[in-house]
Amino acid sequence: MYRSHFIADVTPEYDGKEVIWAGWVHLLRDLGGKKFIILRDKTGLGQVVVDKNSSAFGISQELTQESVIQVRGIVKADKRAPRGIELHAEEITLLSKAKAPLPLDVSGKVKADIDTRLRERVLDLRRQEMQAVIKIQSLALKAFRETLYKEGFIEIFTPKIIASATEGGAQLFPVIYFGKEAFLAQSPQLYKELMAGVVERVFEVAPAWRAEESDTPFHLAEFISMDVEMAFADYNDVMQLLEKILHNIVKTIKEEGKEELKILNYEPPEVKIPIKRLKYTEAIEILRSKGYNIKFGDDIGTPELRILNEELKEDLYFIVDWPSDARPFYTKSKSENPELSESFDLIYKFLEIVSGSTRNHKREVLEEALKKKGLKPESFEFFLKWFDYGMPPHAGFGMGLARLMVMLTGIQSVKEIVPFPRDKKRLTP
């Protein structure tokens, strides 16, 4: 047995009892003939005291920062110590000695730039701030799944090696598939639509890939996509579902991630339901009134979104009813005005974190939409053929996990948030 208790589980009530801790040497200090070890495990930090006359003192002299040790000792309640207790070591076992000096200071006393942090990533991830990010992400995914399970959704897994582009775009990574050209999936879009035509309500959490040329704090070549598709629904239905999901995610993190938020010194924004809905045409008018030369059909970029954020005075808002020509072929146009689509983006301040729409569920409409986009319907026959056999009206959305984490942690770069980011410059670690 390597440990009897995690550090955070030992309280002053354990005074006088023997416990075994295991973890990493976070900090070392010599003071008045005693050795103080700040030990770290997944639950936090704890103080170990090694007296000079202890049999453990000799080995404590060999320890380096980030060495992995096991400590058997007696708990002593002490209000001055972290968590109100310290462990007086009777035996220390060195399980793995770390090289010295470290290429990156895990304690955070010496700051490192982002390139150093990404190069020495595993040490960087051991920092308390990064462990807090990892734990908050886990809580977000837990709340996402729990909300959808309660709403009757089924978790699915779709192919990640595909024959053609999901949206007809050029940002594809080609792979050789048994002598044929195939691609890494940009999105589970087409397959999740087909699955909505099977079990009605589906979701997936999985990686997706885009040959992303943009070198910004918010773009990656590989990312985790949180996808939802819902039969017998339109874009208003899935926006309401998304509001519920986000509300539950933030609530879960505030309730179960208090320590992590404290470490990050951050509080996620409240999700006020209903989230404000701004029509695309209204957004264009606001931007024109601010001197922007923007015309119908233009995208709304980051500078423009910053202006909208200032004007609306809302951290979270939907931009709805985008021009049909600006959306993918599977997006349904509004019946009363085909120039507009039943679509939405959810914006956090100036960052798009979710995109969704009502989908086209009739084959002939899809074929026309493909042709209009300059795509060949025959290239999508694997998808279109199933619309001959009763495809229900449906709607859905995709949410980028790393971008959602910007909102949940306050960290302004997805490259810092993702444990091992992939962009144009990085393929390792």
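The backbone N, Cα and C atoms fix where each Cβ goes, and this holds for glycine too.
For Glu167, Arg210, Ser355, Arg359, the entry in Swiss-Prot reads L-aspartate binding site. Per Swiss-Prot, the feature ATP binding site maps to Arg210, Ala211, Glu212, Glu352, Gly400, Leu401, Ala402, Arg403; the stated evidence is sequence analysis. Look at Swiss-Prot and you will find Glu352 tagged as Mg(2+) 3 binding site, backed by sequence analysis. The Mg(2+) 2 binding site annotation in Swiss-Prot covers Glu352, Ser355 and rests on sequence analysis. Per Swiss-Prot, the feature region 'Aspartate' maps to 189-192; the stated evidence is sequence analysis. The annotation site 'Important for tRNA non-discrimination' is assigned in Swiss-Prot to Pro82 on the grounds of sequence analysis.
The secondary structure of Ala402 (ATP binding site), as reduced to three states from DSSP, is helical. Annotation for the binding-site residues Ala211, Leu401, Ala402: lowest Cβ count within 10 Å of the residue's own Cβ, Ala211. The recorded positions shown are Pro82, Arg210, Arg359; of these, the one with its CA atom nearest the CA of Ala402 (ATP binding site) is Arg210. For the pair formed by Ser355 (L-aspartate binding site) and Leu401 (ATP binding site), distance between Cα atoms is given as 12 Å, rounded to the nearest Å. Among the binding-site residues listed (Glu212, Gly400, Leu401), Gly400 has its Cα nearest to the Cα of Arg359 (L-aspartate binding site).
The number of other CB atoms found within 10 A of the CB of Gly400 (ATP binding site), across every protein chain shown, is 22. Cα to Cα, Ala211 (ATP binding site) and Pro82 (site 'Important for tRNA non-discrimination') are separated by 47 Å.
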